[in-house]
Every structure is written in structure tokens, then in C-alpha cells.
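Participant: Sending over a structure as C-alpha cells; questions will come in a sec.
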Amino acid sequence: MYSPKRVKLNLTNGMRKRPETEENRGELYPPTAMARNGISPYFIGKPRRKIVGDHKASEAGPPPPFPLKPKRKEPDDDPESIVIDEDDEEDEPAPQVEKREPKKTHNRPFFGEKSSLTATELETAKKEEVVKKKDPFTMRGFDFGSDEKVVKIRDKICDIVDPTGARRSDPAFIQQMHSNTLKGIEVATNPKFKQKRTANNKNRAAIGSTLGTIYPNFLTASGQEPQKSKFQIPLDRQSSSQSNHSQPIRKTLPEIPRRCSNSLVKKAMGMDTDGGGKDERMDGLRSEPTLKHFDENIISLIESEIMSVNNQIGWADVAGLEGAKKALKEIVVLPFQRPDIFTGLRAPPKGVLLFGPPGTGKTMIGRCVASQAQATFFNISASSLTSKWVGEGEKLVRALFSVARLKLPSVIFIDEIDSLLSARSESEHESSRRIKTEFLVQLDGVNTAPDERLLVLGATNRPQELDEAARRRFQKRLYIALPEPDSRTQIVENLLRGTRHEITDHNLEKIRRLTDGYSGADMRQLCTEAAMGPIREIGDQIATINKDDIRAVTVADFTEAARVVRPTVDDSQLDAYAAWDKKFGCLPPPL
């Protein structure tokens, strides 16, 4: 058994030399020893060991487990020797290796400058290389006919092409299916396939019609014939490809500049809103210098609160409340109609407060003001001016008044204003306090012009909970009390206009006595209940009876309805409203 020689390893072969000591001076680096012996799993090269003389295998050790091939003959080399690059140290004898013929494999042989193949094999490989250069796809004609997936796909295609199965036994049909499969695989594996597809229109048409050529009876899932392309040819290309006598189907649209505004694009495409209202308003508001520091979502939220009054409500529709209607005409309608007269001391107040028990018509008066004032009407609630983000509520209040001042004359109606401007205390949250402060500053502050036509109309059921600073800014505080007897009679007449009834003046007097203490909402509920009296008498005949056969509403229906509908306002609450009106109200008591 011979001991392999110790070699110096450099950094080019991926290993470092083990440092020499007295203990390991006679040892060899383990990977090197394994590589020299030919048993290393990482060794993929061929040993190049110099054979010296006729040493026997017993003296030099066993032969390596792989064959050694003679190197190409060079001028200075022995034709039967194999050389390994080592140091200048003395070589130890290596075993003689018997010459073995290389094993033939099915893989393609490697050939190059230092090939160990025979001349016949080299000639055969060169011929294959020449054939490959001429037609590089001859070696890719693999037969996948027996593959399981290909068989399944072929069966599905056969079911489509031959659903009855009559041609399954035809050898020509089977051969066609097999050849089509191989042809499709060969086309798909061709790297020039995409280049051929995009070469020209003729090639596209040829490739698009491949399916129809292979399967002439093929139909799509919808039962239609396959189309070559689902995209329409542009008009300029189509017109150029046709004759000069053919005219285009439609005119081409002019090219729109990139910097064109969205509103112009929408109008050109016929997608603008009715009159361009909201988009034009939003674009106009964006250009205002006073709104540039507001976010777009804040301006959009305020714009959404602008109320468009479709149903015209007149002062005659509001029963009673003559003092409140007269005061509102002087405050809202007349100054907006003649702003040149109402200047200086005649300038209308900035804030009007409507207070009273629930159901007395405060909200309806606000709708009437919006209809009669011909002004921009903002219908605001407490939720419109609050946000979960800190500082967002103050911005909403400031944006509300900024937009209202840009759209003068304006009316801001806030229902249930006590939830927004309640009395400030130490226990309330800081954000709520800031919103109230901002509202009061915007309503009557340093930047408020004395002659601007901006009115804040508030309605509340709890005036005693308002902050004292807010109470001062509402110069006109109008008490909307319960309807008087004559007002209740007028409410009944107004509600019965579209219903058949037999109510006379004598019956109205009786209804007036029955409804003492009723509010306007209670009177409406009473009339609704009385109108359902004739319907309840019909019973199951409601599906077949004629509309004209339903009897009219009588005073008996009101009497029966009065037993169900009761007044909702307590007398103690009325006393509290009367006391607050006596202390802070601005309407003189009725004569």
C-alpha cells in the first residue's frame, strides 16, 4: 500500500493547505487524499498522475476505481504517460493501471480539443452538430403520445371533435390526432414561435387559422365558430387596407391633450352631470383662495349638506304662528329681497333661535324659509360638524362658514342645536369645547362683516341648556308654542284636502274641543288615525272593493281616533317654556 504524496494546495482549487506541525507533517490533507485515491464524493475530474517505470500495483497501492485515459500526444511528453501537477519534491511510485475501454452511455458524447473519443465517434458527433445547425428542432421531436396527461387531453379533444365516438376506430383519425399532438408540441417548443406570430399580418392569420385547419368542425363553448382576433382593427389601418372607394364607418375623435382638465374630458365624452352643477361648483370652490388650506374631503362634505328645495312650501302651509312668521319675513325674506334698504341699523340679525315643545313646526318653518328666501340653504346637524379625528371638527365649522360666505345669501339651519352649543363645563371634552368656540367665533367674531347676508337659524326643544354666549349671539329668540284653537282647525282643513270627508264647520268646532293641548305633530297623527277608520270597516274586501265605494271620513272617526292619539306635551314642560320665553324671548305676547 503506497502512501500518496503530500501536495501544496492553492486558493484556486477551493481548499487551503493544512498548517504543518511536527504531529501532522507526515499526514495528507483529508480531501486531497480522498481525491488522490479517487473515492471523494466531491471529486469530478480525472487524476493526472505520472506513471514512472514498471512499478507493480502491490508496491504503489491499488488502482483507482475509474479508468485512466492517455493524454493527447505532445512533443515533449511520453505517449503512454499521464502527468499530475505537483511540487518539485520526489514522486513516489504510482500503481500501474490497466487500460479499459470507456463505457458507452446513451447521453450525447462530449467532444472538444482534448477529447478522448475515437475518430468514429468524433465524426458521428460532428455530423449531428451539422444537422443540428441546419434544423435545430430535429432533436426535440420527443414522443409524448403515451404520457398520461397527453392521453387525457387527447381524449377530451376527441370528445369535442367526435362526440359520438364513431371515428375512434378509424386509424386515419387516430394518426391525425397523434400527429397534431406532436406538431403542437414542436410548435410550442420552437423559440422562434413568438417571432413568427409578430412577423406580419399574414403569419398571424395563418397561425390563427391553425385550429380551424386541424379541427374544421371545432366550435366554442357558446356554439360559435372561433374568431381569428377579438380586437378590432383601428379605423386608419382598416381604411388604408381597403380600397379608396370605401368610407370609414365613423369619424375618428380628435386627439385630446394630456393636460386637458377632467371636466372638459367628461363633457366631451358626454359623461358630465346635469348642467355640470356639482363638478363646476367643486372646481370653482377649489380656485377660491379662502378654501385652499382646506382638504378636499372637508369641502366635499360641506357641499353635500347644501339642500336643494324641490317642494315649494309657502307661509300659508304653516298653520298659525303669525307672530313667528311675521318676524321671519322681516329677518330673512325682506332683507334678502332688498339688501340696499336693510343696511346699517336695519341690517338683519346673524342668528335666529326657534325654541318650543316638540312637534310645533320649527323644522317646517325652516323648510319654508329655505323655499321663500331664494338663498343657499345648508341643512346641518351635530353629526355633520363632528369627527373622530382631533382638530377635524373645528376645520369643518370653519369650512362651513367659508363656503356659506362664498355663496351669499346663505341660510344655515341647525336642528337640535342644543346638542352642538350646550353650556360649557369643566367635565366636557376638550374637542367639544373647541368646536363650540370656533362656531361662536365664526357666527359673530372679528372677521364677520356687518352687512353680509348670512343667517344661522337654530331650532331646539331645550333652550335652557344652551350656552350663554350662544344665547347672546342669537339676537332673535322666537317661541314656537302649541297651536291655538284656530290653528288646529286650519291644520285639520289642510290635511283633509286630498281625502273624502264630511266634516262641516260644526264638526270642526267639536274637533277643536277634542284636541286641546295637541301639538302640530299630534294633530297630524290624529287625522291619519281618523282617515284609517273607513279602511278598517272594509276588512277582507280591501282587495276587491272599488275606491269610490269607500265611505268618507266623518266626525265619528275623529272621536274614535282621539281615544287612541293623546297629547305628547306635558303641562309642566309648557310652564318651563313659558318662563324661559318670558325671560329671554323676543316675541310679544298675543293680544
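Glycine too: its Cβ is placed from the backbone N, Cα and C atoms.
Below are the features listed in Swiss-Prot for this protein:
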type	residues	note
BINDING	ALA319, GLY359, THR360, GLY361, LYS362, THR363, MET364	ATP binding site
COMPBIAS	17-26	compositional bias 'Basic and acidic residues'
COMPBIAS	76-93	compositional bias 'Acidic residues'
COMPBIAS	237-249	compositional bias 'Polar residues'
REGION	1-117	region 'Disordered'
REGION	223-249	region 'Disordered'
Participant: Specify the secondary structure state of GLY361 (ATP binding site) as given by DSSP, simplified to three classes.
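Facilitator: The three-state answer is coil.
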Participant: As a test of the contact definition, list every same-chain residue at least 6 positions from THR360 (ATP binding site) whose Cβ is closer than 8 Å to its Cβ.
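Facilitator: Long-range Cβ contacts: ILE480, ALA481, LEU482, PRO483, SER519, GLY520, ALA521.
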Participant: Within its own chain, what residues at least 6 apart in sequence put their Cβ under 8 Å from the Cβ of THR363 (ATP binding site), listed in sequence order?
Facilitator: ASP415, ALA459
Participant: Taking the Cβ of ALA319 (ATP binding site) as the centre, count every other Cβ atom within 10 Å, in any protein chain shown.
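Facilitator: So the number of other Cβ atoms within 10 Å of ALA319 (ATP binding site) is 22.
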Participant: Within a 10 Å radius around the Cβ, which one of these binding-site residues has the most neighbouring Cβ atoms: GLY359, GLY361?
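Facilitator: Going through GLY359, GLY361 one by one, the largest Cβ count within 10 Å is at GLY361.
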Participant: What is the number of other Cβ atoms found within 10 Å of the Cβ of LYS362 (ATP binding site)?
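Facilitator: Its Cβ shell of radius 10 Å holds 26 other Cβ atoms.
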Participant: Please list residues from the chain of MET364 (ATP binding site) whose Cβ is under 8 angstroms from its Cβ, counting only those at least six apart in sequence.
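Facilitator: Result: ILE313, ASP317, VAL318, GLY520.
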Participant: Under a three-state reading of DSSP, tell me whether ALA319 (ATP binding site) is helix, strand or coil.
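Facilitator: SS state of ALA319 (ATP binding site) = coil.
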Participant: Could you name the residues, excluding ALA319, GLY359, THR360, GLY361, LYS362, THR363, MET364, of the same chain that surround the ATP site, i.e. Cβ within 8 Å of the Cβ centre of those residues, in sequence order?
Facilitator: VAL318, LEU321, ILE365, ILE480, SER519, GLY520, ALA521
